[in-house]
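Data first, discussion second: the structure below is written as structure tokens.
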């Protein structure tokens, strides 16, 4: 979803409070401001569904401090960042000779072997199984001895050499040599019960955002892993209908802890791989959590190897307002990992929860004696603090009414980070460098490189940060460049999307306006995607596109081609989004405003913002709609159920309808427990079902996939039942065997076509 936007402030006669430079007009309505004289075609629904216009990316893989791999025309090329020359690392003919289509590849750190991934089968958001072959780069042939089993869940090279660790059937195996047999590390794995080295559903989705729960030490001496026990976790069950020839549907069962339910338990172990041999038993040493979290339910939420014999674990209480970093050292004489209270660092939130979605990871100096971490300062903004490992207090090295998004690289002299400081725009991202011996010496490395085109960056650094790739995502066409850290010089353009630029000159594209409105004495950001040749003297239908979950951000300077592009370009609909209370990257005061009260302020603010939009003079207040997906579907439904009279219709896709139906980690982070002693009243007051009667005043389309493992079909089923019981006339659409993304090819086309028809009917469009 990529859109060529022109960012306009104050275009509509509204005072612009900050300056945003527009992207080149070539991306927009080049040639005329007269709609009647513009004969170019618009961006159509078919363009979106068929991806007629494709953005090019440049995904590189650093393998040293000056070299990276890049796949081009099925050749794997090795590039030298310093000189710009390249050589073929692996020919495309090698892939042809395999006899199967590969999904991915991974080169061993010593460059002797390459791992080919194929037979990819998706499981949940991050997890999948696959088959793997190992290719010997010296002999130029596949290794056929002691092959890795099919349906492997995860596999990873050691950081040096070519040892492999992998997970199969929820147990961990290590290969010291690719052609030798594997050594089994664990024996307790059991489907849906015990997970070794991979995450269960809730840890994958809400804690690690990953399937892997394996961590090699820097030199590959030790292998750390987590074990999750879901014995007491209740199962969610749903039917999977599969092919029509199946007489009885399959039943999918997933351990899924809902709010207030039994959670998985977690243990953490370290194995010394030097002791592995075919005839020896394997000893895994368990590191127990600190007593302050061990006293109750808790989560493992971060693992960082500091040195070869020092590891940092981060734990958090179930309430998620108290976390602790525990730094443990290896005692060679006993083979134990020793924790010390002096090396424990506590982080507490008194206004909400720790971190954004989880506590930030620590970034350690090379000697392992100190680290940098993003935490909230006294004013409630996320900034970088410098900790000594044996001291509890820290020194903030950044400050201001803006937030650090992430630490990108750390050297002996500098720390590189992404923030939204530039021009006070929460929806921007730029790369900064701070000098570690003088925190006042801060340089923005990206702010002035291409200010019209690029205001939203990410970065990828080489192994020791000698070089970095800058990835510009908007507001103009995406741009990928390579830079030297020593001079900050741009070495070369990797991808500029010039071909797409040329194609879009023949299309009438929308423009994008970012500005602020005032609610409750606070300035909040909104964006509007405006039709081509926008005329403020005319009246346009308005669609609010909402998410509004905790720490969300819908207003940004990212380039997208999306459903909204079609609606604005072809149907002349204004598509607006608004970040109100509860949204992220603007300080804890705004983000924590909805703490323990989901479904309140973030819903009210969408209604009030829309009221203000309707008074701007160019909105047809009789044709206002709202739509959202997931949390956005929840907010859409709560807004429509509020009976405000502002909205004519709305679409909710895969919505939450009752927080007691959603998973424990996410829900309890913001709502606490659904018990009388804790927060049961707010749980009960935040259901969509309780607002069913008010849906008689609006047109409502409810959509859900029957195989949604995340927001279960139960949520829409119970909401539908409540609407029927209230005598509400509404529309609904389900997608058989589709998960939360409803992303299979035909379902994707069907849902957006169906929503388009619904919206055009609501707005009385031809």
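Here the Cβ of each residue, glycine as well, is placed from N, Cα and C on the backbone.
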> Can you check which of 321, 393 Swiss-Prot annotates as N-linked glycosylation site?
Replying inline: 321
>> Using other CB atoms within 10 angstroms as the count, which residue among the disulfide-bonded residues 385, 444, 649 scores least?
In response: 444
>> Give me the CA-CA distance between residue 279 (N-linked glycosylation site) and residue 447 (disulfide bond), in Å, as a whole number.
In response: 59
>> Give the mean pLDDT for the topological domain 'Extracellular' (28-766) on the 0 to 100 scale.
In response: 97
> Roughly how many angstrom lie between the C-alpha atoms of residue 762 (disulfide bond) and residue 630 (active site, charge relay system)?
Replying inline: 22
>> According to DSSP, does residue 394 (disulfide bond) sit in a helix, a strand, or coil?
In response: strand
> Once the chains shown are all counted, how many other Cβ atoms turn up within 10 Å of the Cβ of residue 219 (N-linked glycosylation site)?
Replying inline: 14
> Using Cα coordinates, what distance in whole Å links residue 179 (N-linked glycosylation site) and residue 630 (active site, charge relay system)?
Replying inline: 46
> Roughly how many angstrom lie between the C-alpha atoms of residue 385 (disulfide bond) and residue 321 (N-linked glycosylation site)?
Replying inline: 19
>> Going by DSSP, is residue 762 (disulfide bond) sitting in a helix, a strand, or coil?
In response: helix
> For residue 630 (active site, charge relay system), which residues in the same chain are close in space, meaning a Cβ under 8 Å from its Cβ, but six or more apart along the sequence?
Replying inline: 547, 549, 653, 654, 655, 656, 710, 711, 740
